[in-house]
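Working notes for the structure below.
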Amino acid sequence: MTTNVKKNGTKDYVTPVWKPLLNGEGRPVTTTVQTPRLEEAGIPTEELWPPKKEPRVSRIWKGAKKAWKENIGLLLVAASQAFFSLMNVSVKKLNSIDPPVSALQLVFVRMMITWLCCISYMMWAKVPDPILGPKEVRLLLAFRGFTGFFGLFGVYYSLQYLSLSDATVLTFLSPMTTAIAGALLLGERFSWKQAAAGFVSLGGVVLIARPASLFGGSGHDPLAFPDDGGLPVPSEGHRVVTSEQRLMAIAVALLGVLGATGAYTSLRAIGKRAHPLHALTSFSLQSVFVSGVAMAIRKDQFIIPTRAEWIGMFLLIGFFGFFAQVLLTMGLQRETASRGSMAIYTQIVFATIFERVFFNAVPSLLSSFGTLLIVTSAIYVAVRLLPLTGLSTAS
């Protein structure tokens, strides 16, 4: 049986009919039967004529577009952490160029570039009060910038004497200290489980610092203890750092954690009363001011770049830091609090990869175990904290 679909929607069913002839034989004779539309008869046409199967390439492309749309915030946050790690790589590379540049000068130069970029964009976008921010939160913005300076200085100073992964993972103590500050200053809840996670994090810090009084060792402490097959601090020339310098770097890094805690707590107090770039502008301006005053008091020599490597690294530090902040802000605006905060911890992955690629260094067993303790505790505290306070805004 064959069919012929007409323009009016009806179908002609052509069926063979056998008509006897005089000789007893038969020949096929066709008869045409006109039927109404299938839709009018209540017959589902999709069951008789199923739609054509979509090509595999088209299905894959649509699935990829859907996944991108659903996870764009997460990917932006992860990309920001890659830029933060690249900024830290540039800092370590710059520290290896003679004469070395102080951490204060690094903060001054990087945040000057960031401030200029922020002001330029806010002027172009016509954001109100681009320099000082809204009147009702100016003191909080100033406090955020002042404490944020110590957070940044702690990272830059520790990078001079610690490996990239060790210096990075110490910053993950901030969720725990922020939870404590939130409980003391903002009346937020702080459970004993969060306190236990804090003590576990401190254990991770001890494993990374490896003080000679607890672990023994000589006066010159390499990146990892010889028993762990460690390497010197990764930099050009593989200089060896003494245990005193390493412990001092740990102490300054912990001071940076306290500074970051003050910055995060003030940001949570500010909430949505200011544009995100207001906080970044205040942070960069205060960092330029404090680092400049500190250099003047210490009478540090301001190193003028005279080599192409210096200029390149200075520019990379500034632009990597700026793009990292922008991507982080864009990602957190598009992502839920919990998923966005979890993506921040991808920085330790990038730090480990870049440390291997750029410095050919492998973290020791003790450092790796300490990293695991800190990251696990930080994730737990962040997960417990986010439903109540929204840590992603602070980050």
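Cβ atoms are placed via backbone N, Cα and C, with glycine included.
Note: TrEMBL annotation is automatic and uncurated.
Features reported for this protein in TrEMBL:
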- 72-91: transmembrane segment (TRANSMEM)
- 72-209: domain 'EamA' (DOMAIN)
- 103-125: transmembrane segment (TRANSMEM)
- 137-157: transmembrane segment (TRANSMEM)
- 169-187: transmembrane segment (TRANSMEM)
- 247-267: transmembrane segment (TRANSMEM)
- 248-381: domain 'EamA' (DOMAIN)
- 279-298: transmembrane segment (TRANSMEM)
- 310-330: transmembrane segment (TRANSMEM)
- 342-359: transmembrane segment (TRANSMEM)
- 365-386: transmembrane segment (TRANSMEM)
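If you look at the transmembrane segment (342-359) against the transmembrane segment (247-267), you find fewer than three C-beta pairs under 8 angstroms, all six or more positions apart, and that falls short of contact. Packing against the transmembrane segment (169-187) from elsewhere in the chain are residues 151, 155, 158, 162, 194, 197-198, 201, 204-205, 208, 250, 253-254, 256-258, 260-262, 264-265, 268-269, 345, 348, 351, 370-371, 374-375, 377-378, 381-382, 384-385, 389, 391, 394: each is 6 or more residues past its ends and has a CB under 8 Å from a CB in it. At the 8 Å Cβ threshold, with sequence separation of at least 6, the transmembrane segment (279-298) comes into contact with the transmembrane segment (103-125) through 3 or more pairs.
The average pLDDT for the domain 'EamA' (72-209) in the predicted structure is 84. Sequence-remote contacts of a segment are chain residues at least 6 beyond its ends whose Cβ falls under 8 Å from one of its Cβ atoms, and for the transmembrane segment (103-125) they are 87, 91, 94, 131, 149, 152-153, 156-157, 160, 275, 277, 280-281, 283-285, 287-288, 291-292, 294-295, 298, 300, 302-303, 314-315, 317-319, 321-322, 325. Scored by C-beta pairs under 8 angstroms, the transmembrane segment (310-330) has its highest count with 72-91, from the stretches 72-91, 137-157, 247-267. Per DSSP, the secondary structure of the domain 'EamA' (72-209) breaks down as 111 helix, 0 strand, 27 coil. Here the transmembrane segment (247-267) has Cβ contacts under 8 Å with residues 140-141, 143-155, 157-158, 160-162, 167, 170-171, 173-174, 177-178, 180-182, 185-186, 205, 208-209, 211, 241, 279, 283, 391, 393-395 of the same chain, all six or more residues outside its ends.
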